[in-house]
């Protein structure tokens, strides 16, 4: 059995991950971790996820359950994930990282850790989104410099980073296909007298409202026609199942920084 731990286990995504792990053949939740000051420490992780008792108590200390798992799934916050990364690197534990909002320097730390442990890091673990990334690469290469490119995304009111990691990853894929540097061509929102649009730019627009799980659209607009590639998620379980799939795939893999495209064989 693949022994899986979930950090941030008392949160919305954490509970969904617990359910996904318990549903996956050959996988089992053997550790669940949350903040040390959480009032839920000691509670049964299965009961927190409304699955019934599974005999795995919520821990407030990752080090105390280090012997209980093979791979850690982390969908938390960059500061938390980096601390967990340092621990897992030292302990020789594999990681699945779905946290977004990392700086360029922080991403470099993930790459460094990948020299010692196997890691799957992805902005989005949905199979559908990763298929879209493949399609975006093809679309950008075919349409080339003859279109204007805009990326729109919408998420729930609680999401703290913008644009989403998925939107940025989509922008990276498109920019790379066109030989552009996203940092130089990205335009984040527009207001006032912006002047005519520069076709070399890639625009981003963000919406935050209600309980939207995640909507992403990349628009390729030419004179006379438009192509849109859209993905809409209706449940966090989509991401959770992908993360568990990655955790199973990582079993026996050599140290390295992998992504969901590797897991799905899309590279």
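Just so you know, glycine gets a Cβ as well, placed from its N, Cα and C.
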Checklist entry - Among 34, 37, 70, 148, which residue does Swiss-Prot annotate as binding NAD(+) together with 8, 9, 10, 11, 12, 13, 98, 99, 100, 122, 123, 124, 125? => result 34
Checklist entry - Out of 10, 122, which of the binding-site residues is least crowded by other Cβ atoms within 10 Å? => result 10
Next on the checklist: On the three-state reduction of DSSP, what should I expect for residue 99 (NAD(+) binding site)?
Outcome noted: coil
Item to check | Chain-mates of 156, 165, 166 with C-beta within 8 Å of site centroid, (S)-2,3,4,5-tetrahydrodipicolinate | outcome: 100, 123, 124, 153, 155, 159, 161, 164, 167, 214
Checklist entry - Which of these recorded positions is closest to residue 122 (NAD(+) binding site) if you go by CA atoms: 156, 159, 166? => result 166
Checklist entry - Given the recorded positions 12, 35, 155, 156, 159, and counting only Cβ atoms in the protein chains shown, which has the most within 10 Å of its Cβ? => result 155
Checklist entry - Which residues of the same chain, at least 6 positions away in sequence, have a Cβ lying under 8 Å from the Cβ of residue 166 ((S)-2,3,4,5-tetrahydrodipicolinate binding site)? => result 100, 123, 124, 129, 153, 214, 216
